[in-house]
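S.K.: Questions regarding the structure given below will be posed in turn.
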Amino acid sequence: MQDDQKKTTDFGFKEIPTEEKVKAVANVFHSVAAKYDIMNDLMSGGIHRLWKRHTISQSGVRAGQCVLDIAGGTGDLTLKFSRLVGAQGQVILADINDSMLKVGRDKLANMGVVGNVQFVQANAEELPFPDDTFDCITIAFGLRNVTDKSKALASMYRVLKPGGRLLVLEFSKPESETLSQVYDQYSFRLLPMMGKLIANDADSYRYLAESIRMHPDQETLKTMMNEVGFERTSYQNLTGGIVALHKGFKF
Amino acid sequence: MNKTLLDILVCPVTKAPLTLSKDGTELISKMGGMAYPVRDGIPVLLETEARTLTTDERLESGSTK
């Protein structure tokens, strides 16, 4: 059978043909877009705001700079960056999913953010920007959903200016076994139940929990960043390694 | 669509520059012979959403020289 040669990839714990992953992930985010913000607050007990704030503090972004927020979704990071870069700077919020982009655009418009923020629908694996464009690139809770992560990291490296930095905020591997067990109970039992109750969508939140387990751990991701050219690569565990912030530079 | 944004957008496949179509609904990559839609003011720079330019359009945009 031809199927033997077909390339597959992970979609949560399932193996699906590689070309179907984009669509499968898209369906998850079309489904969760409207309730994305409230679910983030509920699921993380508001802690996602601290993780994002920490990411901003590590970004080194200054007035006048050009920032790319990949998988920027509902615009939490973009909102803060738009204040940091000011009128002379520019923030591009890119997301592959148009539902998420529209929620983000409406939210930022309602908060009075206009002028220095632009929106683009793009695939992280094939970023539609020239080489050496951005001072800083962030991808927060997005890399996990990308089909070819190395290709996406290489694409980010390409569009980063020399001296620029990439910050990857993503779920990772808890440092302690005890935390890991509690976290497993939470994500595989409580999380889909909350998804069902609040967003009437248990499947999307089951995918969330599964995709987190399939994502490369701290050291693996660091190695992947090094392999595409990033230098001075490092990471910090946040909340016991439930989340990690990876940083890498292009020189 | 915003001019400063257009300035830093390229075709995701060929990395060639893009120009906005006269009616403002598409971003044209002359070199790649592709057109990307602009939906609801947001450029959709996905290869899967692009359309191949017709021969007439390529001639018109001067891409065949």
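Note: Cβ is positioned from N, Cα and C throughout, glycine not excepted.
Curation plays no part in TrEMBL annotations; they are all automatic predictions.
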S.K.: Please pick, from A:Asp95, A:Asp98, A:Asp135, the residue that TrEMBL records in the S-adenosyl-L-methionine site together with A:Thr74, A:Asn123, A:Ala124.
M.R.: A:Asp95
S.K.: Can you tell me the three-state DSSP label for A:Ala124 (S-adenosyl-L-methionine binding site)?
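M.R.: In three-state terms, A:Ala124 (S-adenosyl-L-methionine binding site) counts as helix.
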S.K.: Are any of the binding-site residues A:Thr74, A:Asp95, A:Asn123 near chain B, where near means a Cβ under 8 Å from a Cβ there, and if so which?
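M.R.: It is A:Asn123, listed by sequence.
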S.K.: What are the sequence-distant neighbours of A:Asp95 (S-adenosyl-L-methionine binding site), meaning same chain, six or more residues apart, C-beta distance under 8 angstroms?
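M.R.: A:Asp95 (S-adenosyl-L-methionine binding site) has long-range Cβ partners A:Ile70, A:Ala71, A:Gly72, A:Gly73, A:Leu101, A:Gly104, A:Gln121, A:Ala122.
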S.K.: Listed S-adenosyl-L-methionine-binding residues A:Thr74, A:Asp95, A:Asn123, A:Ala124 - what's their greatest C-alpha to C-alpha distance in Å?
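M.R.: Across A:Thr74, A:Asp95, A:Asn123, A:Ala124, the two farthest Cα atoms sit 16 Å apart.
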S.K.: Please give me the CB contact count at 10 A for A:Ala124 (S-adenosyl-L-methionine binding site), counting all chains in the structure.
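M.R.: Counting Cβ neighbours of A:Ala124 (S-adenosyl-L-methionine binding site) within 10 Å gives 24.
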